[in-house]
Structure formats: C-alpha cells, structure tokens
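Trainee: Before we start, here is the structure in question, set down as structure tokens.
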Amino acid sequence: MSPRRVVIRNQSAEANLFARRTFIAFAIVLLVLLILFGNVFNLQVESFEKYQTRSNSNRIKLLPVAPNRGLIYDRNGVLLADNKPVYSLEVIAENVNDIKASVEHVSQLLNISPERQAKFFKSMKSKRRFKPVELHSRLSDQQVALFSVNKHKFPGIFVNARLKRYYPFSDLTTHNLGYVARINRKDAKKLEQEGKSDNYAATYGIGRLGIERYYEDMLHGTIGHQEVEINNQGRVIRTLNYTPPVPGKDLTLTLDIELQMIAKRALSGKRGAVVAMDPRTGGILAMYSNPSFDGNLFVHGISSKNYNKLLNSKDLPLINRSLQGYPPASTVKPFLALTGLEEKIITPETKIHDPGWYQLEGLPNKYRDWKPWGHGMVNLTKAIEQSCNIYFYDLAFKLGITKISNMMEKFGFGDYTGIDIHEESKAIMPSVAWKRERYNKPWYTGETLSVGIGQSYWTVTPLQLTQALTTLVNHGERKVPHLLKANSELIIESSGNAYHQITPTIYEPRAPLKLKDDKNWNVVLEAMHSTVQKFGATAYKPFKGSTYDASGKTGSAQVARIKQDEKYDAKATSENQRDNAMFIAFAPFDKPEIVVAVAIENVAKGGGATNAAPVARQVMDQYFGDRVITSQTHNVKANKNAVTVTTHHEAD
Amino acid sequence: MRSSGQDQQKVHTLWQRLHIDIPLLLGLFTLLALGLFLVYSAGGQDIAVVYRKARSIGVALLGMFIVAQIPPLVYRKWAVPVFVLGLLMLVSVLLFGHVGKGAQRWLDLGFIKFQPSEIMKLIVPIMIAWFVSQDSLPVKISTVVQAFALVLLPTLLIAKQPDLGTSLLIASSGIFVIFLAGASWKLISACVGLASAFVPILWMFLMKPYQKQRVMTFLNPEQDPLGSGYHIIQSKIAIGSGGIEGKGWLQGTQSQLEFLPERHTDFIFSVFSEEFGLIGVAALLAVYLFVVMRGLWIAVNAQHAFTKLLAGSLTLTFFVYVFVNIGMVSGLLPVVGVPLPLVSYGGTSMVTLMLGFGILMAISTHRRFHV
C-alpha cells in the first residue's frame with residue numbers, strides 16, 4: 001500500500017454520496033422483500049389448494065383392513081370352515097441393527113431352516129421401506145411362546161397374527177367346500193377386470209373350487225379402511241379415521257357332516273362317489289368322492305412335492321367324482337321304462353320272451369343278457385326287478401334314440417344340474433345330433449340297444465342320478481340340487497345391538513315334467529320298490545333287514561369293450577378296465593326323504609348290488625337311525641318262486 | 001421519543017454508555033426468540049435442542065456486547081494483519097482442514113475447531129472498507145479494481161472448500177462496500193456484464209457436480225421428486241399448505257412428520273410459513289426490514305467513511321442472508337447453504353452475525369473517535 005497520505009476530504013459531499021447509495025440499496029431491499037413476499041403469497045394463497053392437497057397426500061394414507069371371511073356350517077350347525085389365527089414371524093429391517101446377525105440368532109432360537117432364511121434374504125431385496133418381511137409363515141405355539149420370552153433381544157422382529165382358513169374335517173369336505181388359496185396373479189387380474197381389486201386390497205386368499213369359489217362374493221365381505229397419519233418414513237403416527245370392514249356372510253349348507261362321515265367310511269378303500277339328496281328340497285345331504293385330499297394343504301401354499309403327489313396319484317384324488325360322468329348302466333332302466341310307458345310303446349302288462357340273447361333282424365350281432373339262459377317271459381316290473389337286458393334292448397329298439405334322449409334330457413341327463421359348485425361335468429346324453437357333432441358319424445341302431453342298458457356313449461354323474469331320481473320320486477316335480485341352505489349376516493344396529501340375520505336360500509322350482517298318464521310314475525317306482533323289497537330281486541340282499549322301506553336299482557357298467565361271445569372275467573381284466581358298480585335308491589317308499597346315488601370304479605368282484613348298494617345302505621341306515629317305516633299303500637310279498645341269482649356274473 | 005421527556009434521555013444515555021443500540025437489540029431479540037420457538041417445533045419438539053440454541057444465543061449476545069465495547073477505530077488499525085491472517089487460515093483449511101459434510105471448512109487447532117470462512121465474513125468488509133476509505137469518495141476506478149482483487153481472493157479460497165453460500169456472502173459484503181463507496185454506474189454495469197460472462201466459466205470449471213445438480217434441481221425440481229428435487233418440493237408444499245393463517249405452532253404436518261428436510265437449519269423458514277401462514281411471513285419480513293432499516297440508519301449517521309461503509313455492508317450482507325435463504329426455500333433461487341439469519345439453528349453463523357451487530361452497535365454508540 002502507498003505510504004500514508006494526507007487526504008483532504010469533503011465530509012458533506014461524501015455523506016451525501018453515501019446517503020444516496022444507501023437509499024438506492026434500501027430501495028433494492030424493499031423491492032427484493034416485495035418479490036419474496038409476492039412469491040410466498042403465490043404459494044400460500046394462489047396455489048394454496050394444490051399444496052394443501054399435496055401436503056395431505058404426503059401424510060394421510062388409507063390402510064386397507066381385510067374383512068373376516070364368512071364361516072361355513074353344516075345343516076346342524078357344525079363348523080366346516082373356520083378362520084384360525086396363524087402366527088408369522090416378521091422383520092422390519094429398518095428397526096434392526098444388524099439384520100444378518102439378528103436373523104441368524106432368532107433362527108437358531110426358533111430352529112428356522114436355512115432355506116427359510118435364504119428365502120427371507122431374497123425377498124428382503126425387493127421390499128419397501130418399513131414394510132415387514134416374513135421370516136416364517138407358520139410358527140408353532142411353542143415357537144411363539146419361545147419368541148415371546150426372548151422378544152426383548154430382537155428389536156424389529158415381531159410375531160404377527162393373521163386369520164387363515166382352516167377346515168376341521170380336512171379331506172372329508174374338500175370336494176364340496178373347495179378351499180381358500182393365496183391370491184395369485186391370475187386371480188388378481190380377474191379381480192381387476194371385475195372391478196373388485198379395491199375390495200381385495202388387504203385380502204390374503206380367494207376361494208378356489210367348491211363352495212368357497214361359488215360363494216366367494218358372499219363369503220368375502222367388504223373391506224374396511226384405517227385412515228392413518230404417517231411420517232416421511234411411512235411409519236404410522238396415529239389413526240385419524242376407522243371404517244370397520246364388513247365380515248362376509250356365514251353359510252349354512254344342506255350337508256350333514258355325520259352322513260358325510262358315514263359316506264366316507266362306506267367308500268374307504270374304493271374309488272367312487274356317493275351323493276345323498278333330500279328329494280323334497282333338492283338339498284344335498286352328503287356328497288363324498290373317494291379318495292379326497294386335505295384342502296388345508298392349499299391354504300398355506302402347497303409344496304410342489306405334495307402337489308405332484310396329488311397330481312400324479314393314479315387314484316386321482318383331485319377329481320370330484322360326484323360330478324364326473326360314469327356309464328349309468330342299469331340304474332337308468334326305470335327311466336327308460338317310464339319313457340316306454342309315456343310313448344305307449346309298452347304297457348305295464350307288456351311281456352317279452354328272454355332267451356338269454358337279443359338279435360336285430362338281418363344283423364349277425366347277438367346282444368346278451370347278463371343271465372346266459374335268460375329270464376323267460378318278462379314284464380316291466382320283472383324287467384326292473386331282475387334287470388333284464390333283453391327287455392330293454394327291445395324297448396330301446398322300439399323307442400329309438402331320439403325319443404330316449406329327449407326324455408332323458410327332461411330328467412336332466414347330459415346337462416348341468418345347476419348345483420352351486422362350478423366344477424361340474426355335463427356328462428353325455430348321446431343323440432343323433434350329438435354324435436354328428438362329436439364324431440361326425442351317423443347313429444347306428446346297435447348303439448341304441450346299448451343305450452337301452454345305459455351303456456354306449458351315455459354317461460351320467462352321480463349327482464345327475466340323484467337329480468333324476470328326485471324328479472322320479474316327486475312324480476315330475478323338479479328340484480334344483482344345491483348345497484347352500486341359508487346365509488347369515490351380522491347386522492349391527494345404530495343402537496349398538498348386533499344380531500345375525502338369517503336368510504334361507506330360495507331356489508326357484510323348475511317347470512315340472514308332465515306325463516300323459518300320471519299313473520305311470522307309480523308303475524316304475526313300485527318296480528324299484530320291489531327290486532329292493534322282493535326276495536330274489538337284484539337289490540334284496542343288500543337291504544335285507546333295513547327298516548325304512550327302501551327302493552332302488554342296481555347297475556354294473558362295462559368299462560372294457562367285450563368282444564362277441566367273450567366272457568367277462570374281473571380277475572383276468574386289468575384293474576382300471578374292470579366293471580364299475582352303480583346303485584340308486586330312495587326311501588321311504590311313500591314319502592321319500594332321501595335319494596342316494598353311488599358309483600364305484602373298477603370293482604374286483606360282483607356289481608352294483610354287492611359293491612354299490614351296501615354303500616347306499618350304510619348312508620341310509622345312518623340317515624334313518626332307529627326309525628321303522630312300513631309302506632302304507634302297498635305290500636310286497638317275497639316271491640318264493642323267483643329265480644335266485646346264482647350266476648358268476650351278478651345282476652347289473 | 002420526544003414526548004417521553006428527560007427520563008428517556010437518561011435511559012438513552014445509559015444504554016449508550018453500555019454501547020447498546022436499543023432498537024437494533026429489540027429487533028434482534030424478536031428474531032432470536034422466534035428462533036427458539038421454531039427450533040422447538042422443527043427439532044421434533046425436543047427441549048434439548050432449544051437449550052442448545054439458547055446457549056448459543058447467550059454466547060452470541062456476550063460476543064456482541066464485548067465487540068460493541070471496542071471503538072471501531074481499532075478494527076481499522078488491525079484490518080490488514082487480520083486479513084492476511086484470515087487468508088493464511090483459509091489456505092491451511094484447504095491444506096489440512098477437517099472434512100465435514102463433504103466440504104473442507106473446519107480448522108482444528110487442537111483445543112478448538114472453527115471455520116475461518118465465518119470470521120472472514122467480518123474481516124472482508126472491514127478490510128475493504130479500510131481500503132476504499134483511505135482515499136476520498138467516490139472511489140477511483142483503480143481502487144475499485146484493487147478492492148475487487150482483495151474480495152476475490154478469499155471468495156475463491158472459500159468457494160474451493162467448497163462452500164458456495166459463504167463465498168457468496170463474502171463476495172457480497174465486499175461488493176456492497178464498493179457500491180456504497182460510490183463506484184461509478186458505468187463501472188457497475190461493466191462488472192455486471194463481466195459477472196454474467198463469468199457464469200459459464202464458473203459452471204464449467206469451478207462448480208462441483210453437486211453444486212451443478214442443485215442448480216439443475218432449482219430449474220426443474222419435479223424432474224426428480226424423490227431425489228434431488230425432494231427438498232425443494234417438500235419445502236414448497238410446506239409453505240403453500242400453510243395458507244394465510246398457517247396450521248398453528250407445532251401443528252405443521254410437513255415439519256412434524258418429517259417430510260421437510262433440514263427443518264431446524266436451512267429450511268426453518270418453511271416450518272415457519274407452514275405453521276404461521278402468510279400473516280406470519282409478513283410479520284417476519286417486517287422484522288427483518290426493521291433490522292435492515294435500523295442498520296442503514298446507523299450507517300448513514302456514522303461519522304466516518306470507514307464506519308459508514310462497514311455498517312452499510314454488514315447490514316446489507318445480513319439482508320443477503322434473508323434474501324438467499326427465503327429465496328431458496330421458496331423456489332426462487334437454487335439451494336445454497338445459507339441459514340435464515342438468527343432464526344435457524346446453528347451456532348457458528350449466528351455468533352458471526354451477532355458479532356457483526358456488535359460492530360454496528362459500536363459504530364452507533366462510539367460517536368466520537370479520532371479521524
């Protein structure tokens with residue numbers, strides 16, 4: 001710097017200059033303040049609503065609350081599908097100091113497998129902040145207790161309780177109830193399309209198969225919401241508002257679980273199905289398909305090992321046999337007889353001669369009766385009692401396929417019964433049109449003869465059989481087969497009173513099946529009655545000693561094609577080519593309360609009477625208990641002269 | 001004042017003997033008290049934060065009082081050696097400094113860690129005021145050029161740390177002196193032109209990537225709303241959602257639920273705006289305006305060019321804090337680390353500011369000293 005100079009200063013000029021400059025600076029200060037204020041004014045007044053909205057959407061979150069799924073009961077109030085708390089071990093990584101060490105430590109304590117730990121660390125990678133990640137999905141009570149005692153050692157790790165579906169009767173009810181399984185991508189897409197995604201935001205599982213699937217909407221309920229204030233890390237600070245979820249409706253089924261148990265026991269060791277229905281309502285009392293599987297396995301996500309075991313089992317446990325088609329064999333003879341009466345092809349008195357075989361004019365094929373030397377002179381009643389094939393070959397030939405299939409369709413064969421389960425097969429009621437469409441081939445008369453004994457292309461489901469039998473015993477009044485009896489909804493009044501409002505399900509009756517002559521119903525029904533009640537008739541033995549005045553019809557279906565003049569020998573036939581045993585029954589004769597259909601696959605020995613009828617008997621014994629019912633209108637005396645069944649090949 | 005009569009005069013003289021400027025002190029107290037309330041609200045309602053802030057205020061007031069006792073003449077005498085010492089410290093910060101928050105700002109002297117750049121906020125205006133007041137005003141062009149060089153030296157050293165906010169404040173404090181000293185308008189417009197030309201050089205060679213990012217974010221914060229734009233977006237939401245009346249003290253959801261970052265430091269104005277609304281903002285700006293007016297009044301009434309320039313520069317620099325801080329949190333300026341003066345939590349900058357006000361009080365009360 002320069003050496004100190006003597007400066008002559010003009011003090012007042014300097015002061016003026018400084019004051020001017022200060023004033024300018026002050027003016028700029030004012031201007032800047034105005035700009036700052038204007039900007040804040042713009043934010044707080046002009047754009048207030050925009051920023052208020054953004055501020056609220058920052059802090060307010062709607063947390064969905066899953067509704068409790070409706071419970072399912074049997075007709076007597078026995079719980080079939082429950083919601084049980086399941087304990088899972090979850091980790092919020094942000095609250096754990098050393099995640100790896102903590103997880104290892106807790107895994108050691110609770111004996112959690114390295115696989116689960118690996119899975120946990122894998123899902124950790126894609127998790128959101130402050131979202132818990134599952135380390136174990138199903139803790140045992142012991143593990144829960146052990147963890148609770150040591151909880152203080154594991155900040156950020158906690159036990160979460162969730163309600164999950166539980167089926168106390170496991171495989172006994174699976175085919176009817178279906179099960180609830182975790183919502184998968186396909187389900188999610190479907191829910192999205194149906195506009196139900198919002199309602200399922202907090203829901204773990206969705207009904208798969210059976211009642212759970214069919215009544216999903218009723219069982220699910222309505223989602224609730226918790227409006228919470230959260231901080232910047234998504235942690236819930238407090239609840240602002242709570243809309244409770246509306247639980248799903250409880251369902252009461254027509255099913256009787258005790259009857260179901262008997263059905264299962266009766267079928268044990270066999271492949272087959274039993275359906276028992278109340279003909280007065282169409283309500284299904286028991287429906288069991290053996291073998292079955294445990295639906296609980298699917299609730300928690302079945303392991304691929306277990307799933308493959310089910311999928312690859314040659315017993316096909318995943319299939320609901322009650323709703324699958326079987327050749328009906330002789331069980332449809334009463335319906336065919338009724339068709340003959342209706343079409344006036346036969347009268348109750350019409351007789352034909354059965355030499356043991358039937359042959360169409362001009363054709364070499366001989367159609368054989370199950371009894372090699374034939375039944376001699378046969379009328380309608382005897383034809384049903386003895387299950388005479390020749391009578392029905394002749395009847396079928398005279399009726400022709402079209403009249404048969406038209407009438408059988410009226411009984412519901414070849415179409416959905418409309419039961420409240422989606423996994424139903426229509427089975428097949430063959431007709432000329434059907435064959436043309438299916439095989440693009442003409443119908444052959446020989447096939448009509450086979451249809452006459454419930455073979456050929458004809459298949460029926462055990463449920464269809466009960467439906468048709470219901471129509472028969474009701475003299476043409478048709479019922480809708482169903483499982484749902486009533487639903488119950490929890491109503492909470494504004495006063496705080498809560499009660500269950502029970503709504504019985506009403507099934508619109510279907511148009512009745514009218515016959516030209518109403519007497520014909522009884523002709524056929526009485527023939528079924530004597531089939532069971534008359535000594536020597538095909539179903540006499542299996543129901544011997546029963547006290548509830550049962551009626552029925554046996555059936556034995558060929559699975560393998562038997563060549564001309566060849567004899568069937570079960571022992572020489574591979575297991576899955578053996579005959580199926582069929583049986584239908586109802587009781588009591590006067591005012592039927594129960595109809596039963598049984599189908600058993602590939603029996604080793606005998607047919608419907610020895611294999612299927614005893615199953616129906618056990619179910620009916622259970623149903624009637626100690627009740628003794630005798631026929632009021634009608635007395636069947638055992639015909640001592642009746643031909644006894646002694647052949648190697650039992651009545652079919 | 002006039003109506004209060006003689007008693008008032010006595011009181012006045014008593015305060016003058018203590019070298020305290022009452023109107024200025026009242027303005028400062030208002031801001032400091034507001035700061036205590038806001039720090040409580042913004043600091044998660046933690047009373048410990050308030051105690052710490054109160055302690056800093058105590059230290060700052062003591063420092064201000066001590067500085068106010070020193071006749072301004074003393075600063076002029078010591079201007080050059082202190083300035084040189086300051087530069088040396090800035091250089092040593094760059095060489096041996098302590099790294100904190102990604103920048104080298106702290107110097108560890110063993111017993112105390114401090115930021116030499118903070119002290120430079122006072123030393124630079126003193127130095128420049130001394131330098132330009134040697135000659136009679138208005139300043140000559142050659143003096144302006146030399147003064148600019150003197151300003152640029154510490155500014156660049158601090159910018160290198162990097163501490164853009166402080167270097168900006170230090171540059172302003174020097175430039176204000178030159179402006180108030182009557183630099184010709186031609187020169188000023190030339191400088192503005194030169195500065196504009198300097199911007200691309202600054203962008204390309206001097207600014208660090210994070211500083212460039214800040215500028216980009218300022219231009220379009222919504223571009224990266226969860227990343228670099230998060231601060232400014234949340235700040236604007238806080239201010240905007242406050243509305244006219246505000247959400248009420250301790251009721252600001254943006255701040256209480258921690259959506260707002262740096263709540264008790266740089267972004268405390270957003271907390272204030274959210275909780276007290278436009279009415280509060282108007283009042284706060286009025287208080288700042290009052291402090292600035294009082295500071296400029298002291299400057300105009302100072303008896304010597306040096307003190308006039310120093311007082312004016314300190315006051316205007318104080319206003320730069322206000323402008324830059326409010327401007328940045330409300331989206332008018334890019335985010336540079338400048339606190340809301342006296343209100344934000346943070347002892348260092350407050351102590352420096354209060355020392356500056358101590359100098360203002362000294363200038364206001366030591367009326368007679370040798371020219």
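Here, residue 1 is simply the first one shown, and the rest follow in order.
Any Cβ shown, glycine's included, is placed from N, Cα and C.
Curation does not apply to TrEMBL; its annotations are automatic.
So TrEMBL says this about it:
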- A:Ser330: active site, acyl-ester intermediate (ACT_SITE)
- A:Asp354, A:Asp369, A:His375, A:Cys388: Zn(2+) binding site (BINDING)
- A:65-240: domain 'Penicillin-binding protein dimerisation' (DOMAIN)
- A:272-621: domain 'Penicillin-binding protein transpeptidase' (DOMAIN)
- A:21-41: transmembrane segment (TRANSMEM)
Trainee: Quick test of the contact rule: Cβ under 8 Å, at least six residues beyond the ends. What residues does that give for the transmembrane segment (A:21-41)?
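Mentor: Apart from its flanks, the transmembrane segment (A:21-41) reaches none.
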Trainee: Which site among A:Asp354, A:His375, A:Cys388 has the most other CB atoms no more than 10 Å from its CB, taking these as binding-site residues?
Mentor: A:Cys388
Trainee: Expressed to the nearest Å, what is the distance separating A:Asp369 (Zn(2+) binding site) and the residue listed as 'active site, acyl-ester intermediate' at their Cα atoms?
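Mentor: Pair distance, Cα basis, whole Å: 12 Å.
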Trainee: At a 10 A cut-off on CB-CB distances, which of the recorded positions A:Ser330, A:Asp369 has the highest count?
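Mentor: Top count of Cβ atoms within 10 Å goes to A:Ser330.
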Trainee: Check the Cα-Cα distances from the residue listed as 'active site, acyl-ester intermediate' to the binding-site residues A:Asp354, A:His375, A:Cys388 and tell me which is shortest.
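Mentor: Comparing Cα positions, the closest of these binding-site residues turns out to be A:Cys388.
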Trainee: Other than A:Asp354, A:Asp369, A:His375, A:Cys388, which residues of the same chain sit close to Zn(2+)? List them in sequence order, counting a residue when its Cβ is within 8 Å of the Cβ centroid of the site.
Mentor: A:Gly356, A:Lys371, A:Gly374, A:Gly376, A:Val378, A:Ala383, A:Gln386, A:Asn389, A:Ile390, A:Tyr391
Trainee: What does DSSP call A:Asp354 (Zn(2+) binding site) in the simple three-state scheme?
Mentor: strand
Trainee: Which value does the mean pLDDT take for the domain 'Penicillin-binding protein dimerisation' (A:65-240) in this predicted structure?
Mentor: 87
Trainee: What does DSSP say about A:Ser330 (active site, acyl-ester intermediate): helix, strand or coil?
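Mentor: A:Ser330 (active site, acyl-ester intermediate) sits in a helix per DSSP.
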